[in-house]
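Listed features, source Swiss-Prot:
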type	residues	note
DISULFID	Cys34-Cys41	disulfide bond
DISULFID	Cys45-Cys55	disulfide bond
DISULFID	Cys56-Cys71	disulfide bond
SIGNAL	1-22	signal peptide
Amino acid sequence: MIMRMTLTLFVLVVMTAASASGDALTEAKRIPYCGQTGAECYSWCIKQDLSKDWCCDFVKTIARLPPAHICSQ
């Protein structure tokens with residue numbers, strides 16, 4: 001029973017995280033300054049309290065070049 005509840009909780013957390021990242025991607029495409037340069041988009045992403053690694057991947061996902069001095073490390 002405890003294992004079943006743990007699995008259910010894990011699934012809910014994963015679904016919520018996936019939904020949040022999808023929402024951020026949708027929102028970024030709507031924001032004009034996020035579409036201009038990778039650096040501007042990265043800056044917007046960081047202001048959303050997302051991690052550095054996530055933002056670097058996010059900028060690459062929307063076909064922009066992330067800031068090399070931050071994302072190459």
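Note: Cβ is positioned from N, Cα and C throughout, glycine not excepted.
Positions of the features from Swiss-Prot, shown on the structure.
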residue : record         : DSSP class
Cys34   : disulfide bond : helix
Cys41   : disulfide bond : helix
Cys55   : disulfide bond : helix
Cys71   : disulfide bond : helix
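Listed in sequence order, the disulfide-bonded residues near Cys45 (disulfide bond) (C-alpha within 10 Å of its C-alpha) are Cys34, Cys56, out of Cys34, Cys56, Cys71. There are 24 other CB atoms within 10 A of the CB of Cys45 (disulfide bond), with all protein chains counted. For Cys71 (disulfide bond), the disulfide-bonded residues whose C-alpha atoms fall inside a 10 Å radius of its own C-alpha are Cys55, out of Cys34, Cys41, Cys55. Neighbours of Cys71 (disulfide bond), defined as other CB atoms within 10 A of its CB across all chains, total 17.
In sequence order, Tyr42, Pro66, Ile70, Cys71 make up the list of same-chain residues 6 or more apart from Cys56 (disulfide bond) whose Cβ falls under 8 Å from its Cβ. Distance between Cα atoms for Cys34 (disulfide bond) and Cys55 (disulfide bond): 12 Å, as a whole number. Cys55 (disulfide bond) sits 9 Å from Cys41 (disulfide bond), taking the C-alpha atoms as the reference points. All chains included, 23 other C-beta atoms sit within 10 angstroms of the C-beta of Cys55 (disulfide bond).
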